[in-house]
Structure formats: C-alpha cells, structure tokens
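*Asks:* So that we are looking at the same thing, I have put the structure below in structure tokens.
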Amino acid sequence: MYLQLKSKLENVLSYFFRKMSQGYDNYDDMYDQNGASPAPSQNEKPGKSGPGFVGIKFCPECNNMLYPREDKESRVLMYSCRNCEHREVAANPCIYVNKLVHEIDELTQIVGDIIHDPTLPKTEEHQCPVCGKSKAVFFQAQTKKAEEEMRLYYVCASQDCQHRWTE
C-alpha cells in the first residue's frame with residue numbers, strides 16, 4: 001500500500017513540476033473547470049535521484065507539502081503551504097530539470113538530411129572509411145559521459161553512404 005501511494009505521489013509531483021516549468025503560475029491553474037487534471041503520460045518516469053530530481057519540500061510548521069509559487073510583486077520563486085500559510089523563498093530557482101542525452105547515431109538520425117545542412121561545415125580532407133569518398137560533413141558533440149572531451153564526428157556526404165565515424 002505504501003509503495004502504491006508513493007508511486008502515485010511521484011507521478012502527481014512529476015506532472016506538477018512539468019506544468020510549473022511550462023509557465024503555469026500556480027497549482028490551481030493546472031486543473032480544468034471541473035477540478036480534474038490529466039494523468040501523467042505512461043512514458044513519464046518520476047525522478048528518484050540525479051540531476052532531474054529537484055526534491056520535495058515540507059512545511060516546518062505542519063509537515064504538509066510545500067508548493068512552488070511565484071511572488072508576482074518581487075518576481076521570486078516561493079514555496080508555500082496550503083494548510084497554514086507558511087511561505088519561504090526558494091534557495092534554488094529550479095523546480096524541474098529536463099536533461100536530454102542522445103547518442104551520436106541518434107543525433108544524425110534526428111536530422112535525416114544532415115549532409116545537406118548548410119550550417120554544418122564540410123571537408124574534403126577526410127576520406128570515408130566505407131566508400132572512399134573524400135567529402136564529409138562534420139560536427140562536434142559530447143558522448144553520454146559528461147566527463148569526456150568533445151569529439152569531432154564525420155558523416156560521409158555521399159547520398160548512398162552517409163557513414164558516420166570519428167577520428
């Protein structure tokens with residue numbers, strides 16, 4: 001029972017933080033006229049730790065959950081209790097982190113015509129190891145491990161090949 005309640009609370013909080021990051025001014029604005037809110041989507045996973053998890057704050061007076069709100073006069077993020085009117089200024093202005101991590105293969109698949117992208121530089125000094133053509137598009141990116149250095153990635157400019165490699 002406890003795990004079910006915890007999971008449900010995490011889903012609700014995930015939805016809440018996502019809506020707050022989308023520009024809703026307060027918790028009440030997230031609901032429709034009938035008081036219902038859409039359920040979080042199935043592919044949303046509530047964060048338990050790491051950079052995507054911001055945390056839950058509780059009221060020091062009544063132990064209820066504190067909700068993020070904006071103080072419209074001073075334009076400061078506040079946490080406020082709905083039960084006892086306790087308010088405190090947020091130490092961290094971040095209420096939600098959405099970190100996107102993609103592999104290089106995924107990045108080149110997202111932009112299907114990467115070889116025709118006019119914003120990317122082209123080179124004729126690096127020969128494709130698959131087809132032997134000497135024209136390639138290149139870009140710099142970082143792998144999943146943030147501690148690694150940026151690497152230079154090449155994509156063969158041949159329409160038939162489009163092989164991806166790094167040196």
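Cβ atoms are placed via backbone N, Cα and C, with glycine included.
If you look up Swiss-Prot, you'll see 28-49 marked as region 'Disordered'. Per Swiss-Prot, compositional bias 'Polar residues' is recorded for 34-44. The feature zinc finger is assigned by Swiss-Prot to 59-84, 124-166. Residues or ranges marked as Zn(2+) 1 binding site in Swiss-Prot (evidence: sequence analysis): Cys59, Cys62, Cys81, Cys84. Annotated Zn(2+) 2 binding site per Swiss-Prot: Cys128, Cys131, Cys156, Cys161, in sequence order, evidence recorded as similarity to another entry.
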*Asks:* If you measure from the CA of Cys84 (Zn(2+) 1 binding site) out to 10 Å, which binding-site residues from the list Cys128, Cys131, Cys156, Cys161 are inside that radius?
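*Replies:* The binding-site residues close to Cys84 (Zn(2+) 1 binding site) (Cα within 10 Å) - there are none.
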*Asks:* Name, in the order they occur in the sequence, the residues of the same chain whose CB lies under 8 A from the CB of Cys59 (Zn(2+) 1 binding site) and which sit 6 or more residues away.
*Replies:* Met65, Leu66, Cys81, Asn83, Cys84, His86
*Asks:* Taking Cα atoms as reference points, rank the binding-site residues Cys128, Cys131, Cys156 by distance from Cys62 (Zn(2+) 1 binding site) and give the first.
*Replies:* Cys156
*Asks:* Whose Cβ lies within 8 Å of the mean position of the Cβ atoms of Cys59, Cys62, Cys81, Cys84, the Zn(2+) 1 site, other than those residues?
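*Replies:* Apart from the listed residues, the neighbours are Pro60, Glu61, Asn63, Asn64, Leu66, Arg82, Asn83, Glu85, His86.
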*Asks:* How many other Cβ atoms are found within 10 Å of the Cβ atom of Cys128 (Zn(2+) 2 binding site), counting all protein chains shown?
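*Replies:* Other Cβ atoms found within 10 Å: 20.
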*Asks:* Tally every other Cβ atom lying within 10 Å of the Cβ atom of Cys84 (Zn(2+) 1 binding site).
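*Replies:* Taking all protein chains shown, Cys84 (Zn(2+) 1 binding site) has 13 Cβ neighbours within 10 Å.
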